[in-house]
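Colleague: Okay, these came from TrEMBL:
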type	residues	note
ACT_SITE	HIS162	active site, proton donor
ACT_SITE	GLU295	active site, proton acceptor
BINDING	ASN63, ARG64, HIS162, ILE163, TYR164, ASP228	beta-D-galactose binding site
Amino acid sequence: IGVYELGRGDFSAKITNYGATVVSIVFPDKNGELGDVVLGFPTVDGYKNDTTYFGAIVGRVANRIAGAKFSLNGTVYHLPANDHGNTLHGGRIGFSDVVWNVEEHVEDSHLVLSYDSFDGDQGFPGEISVTVTYLLIGTDRLAIKMQAKPLNMATPINLASHIYWNLGGHSSGDIFSHTLQLFASEITPTDDDLIPTGELRRVDRTPFDFRQPRTIGSHFSQVPGGYDVNYAVDESEPKFQHLSKVAAAREPETGRKLELWSNQPGVQFYSGNMIPATKGKDGAVYDKYAGFCLETQGFPDSVNHPRFPSQVVSPGEDYLHVMVFRFTA
């Protein structure tokens, strides 16, 4: 297990091959002061005992699968129930809890990690070969490319990057003053266990409407427990390298801004509602709402909702999930 740095100019990122996890992302604020904007732990041991998925790649299927089971090609597959009777982020030992192979590391360019998931891994059918590439673009953009190939059976695949952001700095308190814009007109509403009901619902005149920039805290009291819901991303024009613009966030004190593009149909906006009081990097103590996540993904529980975009990938097909972040101030 190691920590691998990527850097150009004033931008740098550190990634560990434990869970293919982003440990830090550092870039300057409007005054040129460097700051780390990603929540995380000071040692790898922190990630081994983590229940929040700080910075990790989650899979084989990110988000929740209802009842910890699904049916595919006439067979019912039973998975570990690690979240109120449901399966969350791939099961008890998902991709966030394994050691990935380091295939290639060029410090001013890219890091390629790979993992081979066996048939029956956490109950999922078939072997799959997975690679994740972290790639610098210029001096202000980071791409994450997640690829997977089923080797012998059809299987659901839905990987996600679970970075927690605080653009004021990872130890700067809650995220309510951040301005957020989501390029999404619909959500997939959920029941009390955060399982989608199967419908798509417009965000008009609801506290979930971030189509125009507003602070995360502005309607927070109207969302019991906080935000933790999948948005259906609007098709956007113009695109960035065939990717749709998903989100833009800005922190007013530092002026730091994050923009996100992706090729996925959904994005989970999570306001850090379940972060326990946790000792993080640099002596920081994180608590609820210390960071927010923007997890581009296929729709949650798609394996049990035929009307949702399918996540089933068959041998001979490729899974490709691309995210591009741009960091400015």
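A Cβ is built for glycine as well, from the same backbone N, Cα and C atoms used for every other residue.
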Colleague: Do you know offhand how many angstrom separate ASN63 (beta-D-galactose binding site) and the residue listed as 'active site, proton acceptor' by C-alpha?
Modeller: 10
Colleague: Taking the Cβ of HIS162 (active site, proton donor) as the centre, how many other Cβ atoms fall within a 10 Å radius?
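Modeller: Other Cβ atoms found within 10 Å: 21.
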Colleague: Of the recorded positions ARG64, ASP228, GLU295, which one has its Cα closest to the Cα of the residue listed as 'active site, proton donor'?
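Modeller: Nearest listed residue in space: GLU295.
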Colleague: Tell me, if you would, which residue among ASP228, GLU295 (recorded positions) has the fewest other CB atoms within 10 Å in the structure shown?
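Modeller: Least crowded of the recorded positions ASP228, GLU295, by Cβ count within 10 Å, is ASP228.
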Colleague: In whole Å, note down how far the CA of GLU295 (active site, proton acceptor) lies from the CA of TYR164 (beta-D-galactose binding site).
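Modeller: On Cα coordinates alone, these residues lie 10 Å apart.
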Colleague: At the Cα level, what's the spacing in Å between ASP228 (beta-D-galactose binding site) and the residue listed as 'active site, proton acceptor', rounded?
Modeller: 11
Colleague: Enumerate same-chain residues with a sequence separation of six or more from ILE163 (beta-D-galactose binding site) and a Cβ-Cβ distance below 8 A; give 'none' if the list is empty.
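Modeller: Residues satisfying the criterion: VAL22, ILE25, VAL38, GLY55, CYS293, LEU294.
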Colleague: Counting Cβ neighbours within 10 Å across all chains shown, tell me which of the binding-site residues ASN63, ARG64 comes out on top.
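Modeller: That would be ASN63, with the most Cβ atoms nearby.
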Colleague: Cα-Cα separation of the residue listed as 'active site, proton acceptor' and ARG64 (beta-D-galactose binding site), in Å?
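Modeller: Spelling it out, the Cα of the residue listed as 'active site, proton acceptor' and the Cα of ARG64 (beta-D-galactose binding site) are 13 Å apart.
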Colleague: At a 10 Å cut-off from the C-beta of TYR164 (beta-D-galactose binding site), count the other C-beta atoms across all protein chains.
Modeller: 25
